[in-house]
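J.: Below is a structure I'd like to ask you about.
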Amino acid sequence: MALIEGVGDEVTLLFGVVFLVLVLVLAWASTHTVEPPEHLLSPSPGASPSTETDSQEPLPPGNTDSSPGGVRDEDDKSEPGTEAGAAGQSADGSRAGGGDGGLLDDAGLGSDGLRHRESAGPSTHPPESTPSATQPSAEDAASDTHRNMVLRLKFLNDTERTAQVNPQDTIGYIKRTYFAGQEHQVRLIYQGQLLQDDSQTLASLNLADNSVLHCHISQHATRAMPAGARAADQVHVALNVGSLMVPLFVLMLSVLWYFQIQYRQFFTAPATASLVGITIFFSFVAFGVYRR
C-alpha cells in the first residue's frame, strides 16, 4: 500500500529527503555566524631600535683592511695549485685516451664498432613473430575441420536452418550461437524429448550428422530461479522501506524538537518556523496514510 494514493513510495521518499536537506541547509544558513578575524600581533617597538643600532655600528678598520689582503694572498697561493692540478688532469686524460685507443686497436674494433654490432644483430637473430603469425591460421583451419557436423533446426512453420557444429558442442552453445538473445525462450526437441540440460553434449545425445532438431520459441521466458533467489525476494518484500518511513520521520522530528527546546538560543526564528512547517506537513501525510 502506497503512502500517498497515486504516488509511488520511492517518489514520496525522494521528495521527503530533498525537503529535509533543504530545511537543514536553511537552518544552517540562518544560524551561521561569521566570526571577526583576529588582530595580528604588532611587533614590539622596543626591538626596532636595537636592530637599527646594531646595523649602524661601524666595523673596525682592522677587519676591513685585513680581509681583502687575506683573500688576495689565498688566491695567489691557490692559483699555482689549480694550474698544476689542471695540467695533471690533462696529462691523465691524454694517457687514458691513448690507453683506450690502444685497447680498441688490440681488439680489432674501430670507432664505430658499436654500430657494426647493432647492424649485425638482426641477421644473427631471426624474427620470432613468424611462427605466431602462422599459428592462428592453423588453429582456425583445425576448428573448421572439426565442425564438420550439420544439424537441421526445424521450426513450427516448417522453416529450417542448418547449423555447423562439433559433436563435443553443448545444447547451450547452439542456443547462444544461433539464437542470440533468445536463449531462455528457445526449446529444442529431439525425437519427442525436450532438451532442458544446456550442458549436455551432442555426442551424449547420440545426435548424428544431418539430424533434425525441432525448435520452439516461446513468447515468455520461463527461467528457473534458484531457491536462494526466491528467499531473498521474500525477505525484500518483508523489509519494505515504505513501512519504515513514518517511524523514521517521527524519530527525526522528535530529535529536532528536543534540541529546539533544550538549546533554544541556537535556533533562530527562520529555523523554528521551518521546523513547525515540517511538523505540520508530516502530520497531514501521516493522517492521510492511517486514515485508509
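Backbone N, Cα and C atoms are what each Cβ position is placed from, and that goes for glycine too.
As the structure is a computational prediction, the values presented were derived from the model and not from experiment.
For reference, Swiss-Prot lists these features for the protein:
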type: COMPBIAS; residues: 71-80; note: compositional bias 'Basic and acidic residues'
type: COMPBIAS; residues: 84-94; note: compositional bias 'Low complexity'
type: DOMAIN; residues: 149-222; note: domain 'Ubiquitin-like'
type: REGION; residues: 34-143; note: region 'Disordered'
type: TRANSMEM; residues: 11-31; note: transmembrane segment
type: TRANSMEM; residues: 237-257; note: transmembrane segment
type: TRANSMEM; residues: 269-289; note: transmembrane segment
J.: Which sequence-distant residues neighbour the transmembrane segment (269-289)? Criterion: at least 6 residues beyond either end, Cβ under 8 Å.
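T.: Distal contacts: 3-4, 19-20, 23, 26-27, 30-31, 246, 249-250, 253, 256-257, 260.
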J.: Quick one: average pLDDT across the domain 'Ubiquitin-like' (149-222), no decimals.
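T.: Over the domain 'Ubiquitin-like' (149-222), the predicted model scores a mean pLDDT of 83.
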J.: Counting by DSSP, what is the helix, strand and coil composition of the domain 'Ubiquitin-like' (149-222)?
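T.: Counting residues by DSSP class gives 8 helix, 29 strand, 37 coil.
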